[in-house]
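Worksheet: the structure to be examined is printed underneath.
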Amino acid sequence: MAEKVAVLLGGTSAEREVSLLSGQAVLAGLREAGIDAHPVDTKDFPVTQLKEAGFEKVFIALHGRGGEDGTLQGVLEFLQLPYTGSGVMASALSMDKLRTKQVWQGIGLTVSPYVSINSQQVERLTDSQLQEYVADLGLPLIVKPSLEGSSVGMTKVNEISELRGALEAAFRYDVDLLVEKWLHGPEYTVAILGDTALPSIRIQPAAVFYDYDAKYWSEETQYFCPSGLSDEKEQQLAELALKAYQSVGCSGWGRVDVMMDTDGDFYLLEVNTSPGMTSHSLVPMAARQAGLSFSQLVVKILELAD
């Protein structure tokens, strides 16, 4: 008898809309391959009842808090249900951009220069301290919450007068923030399937930066796969992405985002343990370049579940 698979989608995070799209796409891909897959919106159905409902395996298509931060993974471990993607520790760590960066720095991987600020500090931040950050990092800057994905809560800061407002906007989403140097150069992403880096993708948003709308709704964002890198640079990027992915304990599948500066050097941004699987998403694009259809991709991800 075929395994009954739950495709977890929707949920309650800031990325609910995207998760619904990802989940429906995954569901269609699994069913195309003859898999007995069913949609489960965790907003309406208690995850603790999955086993009682006869499910034997879980495909996680949730994004953001409660879905890719280790919380859900811990529940599924307790229920002894195999699930896709990274485990508890890697999911929790990867969701936290600040602590992920600290791990990468600790093993000598390159990250974009940054300072971290928490909500207790911000009330005491003087204008002179803000000026110090700007002096250290230069303008423009990018301000982002540590614990949100899909560019939620991010703001580009072009003038020092905009910095305090950007911090306040980001604090609506998290108590820890990153203020990063703005890197002038292309953004790349590397999808990882098992222990293999798929062909890199170069991202060219029409807007100022690759924000939530550019990722999921814009028809003007351009993606290049192959990315146009030389064979040597492609290999260098693949090795960096794999090392970054494995160093925080990721497994199954994921995606590593990287910037290149004007000198051609790569800087790690973040790792995503439950990437989007919508029509605009990047992992399916990289998989196509590697010869995998969408249905073959989701079946492979499911096979890697443990």
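Just so it is clear, glycine is given a Cβ too, placed from its N, Cα and C backbone atoms.
Annotated ATP binding site per Swiss-Prot: 134-189, in sequence order, evidence recorded as sequence analysis. The feature Mg(2+) 1 binding site is assigned by Swiss-Prot to D257, E270, with sequence analysis given as support. Annotation source Swiss-Prot lists Mg(2+) 2 binding site at E270, N272, citing sequence analysis. Annotation source Swiss-Prot lists domain 'ATP-grasp' at 101-303.
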T155, N272 as binding-site residues, winner by CB count within 10 A: N272
Coarse DSSP state, helix versus strand versus coil, of L183 (ATP binding site): coil
Pairwise Cα distance for L141 (ATP binding site)/E270 (Mg(2+) 1 binding site) [Å, integer]: 17
Inter-residue Cα distance where the pair is E270 (Mg(2+) 1 binding site) and V134 (ATP binding site), in Å: 22
All-chain count of other Cβ atoms within 10 Å of L183 (ATP binding site): 20
From D257, E270, N272: binding-site residues whose CA lies within 10 A of L183 (ATP binding site): none
Nearest-integer angstrom distance between the alpha carbons (Cα) of D176 (ATP binding site) and D257 (Mg(2+) 1 binding site): 20
Binding-site residues clustered about N272 (Mg(2+) 2 binding site) [Cα within 10 Å; pool: T155, E162, A169, D257]: D257
In three-state DSSP terms, the structure that V134 (ATP binding site) belongs to: helix
